[in-house]
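As structure tokens, the structure follows; a few thoughts come after it.
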Amino acid sequence: MSIRPILIHPDPRLKKRCDPVTEVTGELHRIAEDMLETMYDAPGVGLAGPQVGLMKRIFVMDCVKEEGATPRPMVLLNPEITWTSDEVNVHEEGCLSIPEQYAEVTRPAEVRVRWLGLDGRTQEEHFAGLWATCAQHEIDHLDGKLFIDYLTPLKRQLITRRMEKLKRERARA
Ligand SMILES: [Zn+2]
């Protein structure tokens, strides 16, 4: 297992729609393990393929945050939202590709998601709370959408400029 570098916005790979996973290979198992390790190391609660330069419909998440609770690492391939609640939820979101920037985003409070597991079986589950927010945020990544796309153009530009500055500083370091 290894920690992979996380792409920082702005990057054209973060704006592209990803291709479906057509075959669950040993390589994909290794990538999923790396993505989980990268996510836990960051630390974050979700990480999508394009964030590590993998343009496939895959994301990992674990929203168990309570101290001492058993982790629940999840790997979702070709995820699809099959139902959303009418009730919405406002959550302060952040993103490992937009470090240290947070903003409130309104999304459906609960969702049902269907996906293909690494075992090749289709699964479906109802998510609420942070899990629902995270799943929607990560599925957006697979469609080239970032949480800042929900903000006003002014706020988005401000955050983008901060990230451009951060990337310049990191390139110099
Ligand atoms: Zn993100």
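In case you wondered, yes, glycine gets a Cβ from its N, Cα and C as well.
Where the annotation comes from TrEMBL, it is an automatic prediction and has not been curated.
Residues or ranges marked as active site in TrEMBL: Glu138. Glu138 (active site) counts 23 other C-beta atoms within 10 Å of its own C-beta, drawing on all protein chains shown.
What TrEMBL lists as Fe cation binding site is Cys95, His137, His141. Residues near Cys95 (Fe cation binding site) in space but far in sequence (CB under 8 A, at least 6 apart, same chain), listed by position: His9, Gln101, His137, Leu146, Phe147, Ile148.
Around His141 (Fe cation binding site), the C-beta neighbours below 8 angstroms that are at least 6 residues distant in the chain are Leu14, Ala48, Gly49, Pro50, Gln51, Phe59. A 10 Å cutoff on Cβ-Cβ distances gives His137 (Fe cation binding site) a total of 24 other Cβ atoms nearby, all chains included.
The Cβ centroid of Cys95, His137, His141 marks the Fe cation site; residues of that chain outside this set whose Cβ lies within 8 Å of it are Gly46, Ala48, Gln51, Glu93, Leu96, Ser97, Glu138, Asp140, Leu146, Phe147, given in sequence order.
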